[in-house]
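What TrEMBL says about this one:
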DOMAIN    B:14-128  domain 'Response regulatory'
MOD_RES   B:Asp63  4-aspartylphosphate
DNA_BIND  B:137-235  DNA-binding region
DOMAIN    B:137-235  domain 'OmpR/PhoB-type'
Amino acid sequence: MKVFANLARLVRTTAFKLLAAYLLVFAVFAVSVIAYTAWHTRQLIQVQVADDLEREIRFLSDQYRIGGIQRLVYVIDRRTRRPGSSIYMLANFQGEVIATNVSDLPLGLLDQPGTRFTTYNRPEESGSKSHVAFVEVDILPGGYRLLVGRDIEERDTLRALVTRPAQWAVLLIVGLGVAGGVFVTRRVLKRIDAMTATSETIMAGDLSGRLALAGTGDEFDRLAHSLNAMLERIETLMQGLKDVSDNIAHDLKTPLTRLRNRAEEALRTADGEAQWRRALEDTIEESDGLIRTFDALLMIARAEAGQARASMSDVDLAAIAENVSELYEPLADEKGLDLEVAAAPVVVHGVRELLAQALSNLVDNAIKYAAPQEGERRRIAVSLERDGSEAVLRVADQGPGIPTSEHGRVVERFVRLEASRTRPGSGLGLSLVAAVAHLHGGSLAFSDNDPGLVATLRLPAKPA
Amino acid sequence: MIANLDLGSSNPMRLLLVEDDRDAAEYLRKAFKEAGHVADLAGDGEEGLALALDGKYDVMIVDRMLPQRDGLSLVSELRGRGHTTPVLILSALGQVDDRVQGLRAGGDDYLPKPYAFTELLARVEALSRRGAPQAAETVYKVADLELDRLSHSVTRGGKEIVLQPREFRLLEYLMRHAGQVVTRTMLLENVWDYHFDPQTNVIDVHVSRLRSKIDKGFEVPLIHTVRGAGYMVRAGVK
């Protein structure tokens, strides 16, 4: 049963069907060629036989003219003794046979001049086995009927000689074709089965599984390659999702616990309206912080999932750089920072709102962490320039900077370097910037400003 | 710091609130009543549509996800029938494209949940056409402060005040909603056209700069801070 099932599966494959169709076309073609050859051979022999008969009749007629009936009989008699000869029959006008080497010719055959097929028996053979011959009848002067014929079994043998091997060849090719088809299909099936099996284990939850490559660079390898790329992406997304839930567990539960503790404490100890009010105000403030964190998380997740791609359009990045700088300039000024902007005209394909938020997060960070001591002044430089096919947006401050070893880590979700734990913020600002950069096909990197930090956002720019 | 709900509006509004969460709806109805407004409630999209077609409302507040008929479909149906009542859409979906969808369907404003009631109230009052100067007016006046939208000039007590373009737009928006509370996010949205949360109070600094130009040296301040809500331009303390 299993063999049948396997065979049925084999037959259902595309490769096998293609092969079968190809074989069928080939077989029809080959059979036609053979049939044509056979027919043509037969025709050729026929013509040759007819010519031979014609020549022989003419020769015999000449003999009759030269030497009369005796000479004709003599010649026929001599000819019939040759092995593998033609068949002869000579009769007078009454139909009495004068000379022959055959028996049992159909009645009336001798009365019709011309060529035709007929059956005959050989006198040396007993029994009823009749043979087929192609004969020509001529009526000689004096009413003699002369029949000369050739056995055509020879011709059929010859035809068989030509066609039989060809038939075998076709049969062999079809047979080999089917065998080859089964072989090829099974090889193909084996790879597809392997891919299917791998995908099934992946679907069952092992997202780290990858399809094996044969290394031949064929279409299966290409397919496996792009499927692997897809799996990579899915795994990243799933990992991201897991990180988000882990982080939600940690960074949302902590403030929630704080919220709950405060409410409990207020219930237990608050006395008088002022204290109640104070507790409630704290509660609202804490929940606003929670909402902000939650929004940032959602936004990052959405940006990373690429959902915002549909709402992308051509965005004037220089206008954003100037607007956002203008938005933050008074705040920076108040904190002792000179916010300067130098923006070259660059257009990118993106989401205006997200790009503006990304830049505002960078500027906000710079203001938060690079503010000088009372009485001093520092600079924050926002710059936008085109570097080949990229828009390079930089926010450079003169603050304490970040240790080089931490440059990569700061974009991870919720990472806030120990030194800054006490300042406000969800800790998601840079993660969001990184997610926005990723969404736009760009990158976020940090470097030293000596002193200070340079945040560099690179985005693919539209051609100038 | 937090909501001082006594924002007392001199222009009571009739509101239609289409929200399927009964608790939230009741809370809002009460809060609006305290602010001097009357709100009718509808629990699903079809009921909301019927009420909206029947009654005369100053502003409708429509939740985006509703049973029977969702909020966006309700709004576009109303707009299709020629109703121009201002609509504020409330939604748990707060991303850029969600907002765009909401406004495209015919909403006039979009507020993601959760929100502060003061924010909702300020936005609803801003949407209401009662007592607000017509958009066509070219000169806004509050006490001795005058803003000419055509010549882009501002004078107070006849004295010219020079403003940066952004400060001008800030004052213009505040004056168009004179007597109404304008929140920080409303300013960020309408003056800067950004809808994200800037984390830090960038707006406050802009307003205080503006205030130093408008109110400094005058006895009566015109730009007021409404605690826990935002800002308001008005002639004097009532």
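The backbone N, Cα and C atoms fix where each Cβ goes, glycine too.
Nobody curates TrEMBL annotations by hand; they come from automatic prediction.
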Neighbour count (Cβ, 10 Å) for the residue listed as '4-aspartylphosphate': 24
Per-region confidence, the DNA-binding region (B:137-235) (mean pLDDT, whole number): 89
Where B:Asp63 (4-aspartylphosphate) sits in the secondary structure, as DSSP reduces it to three classes: strand
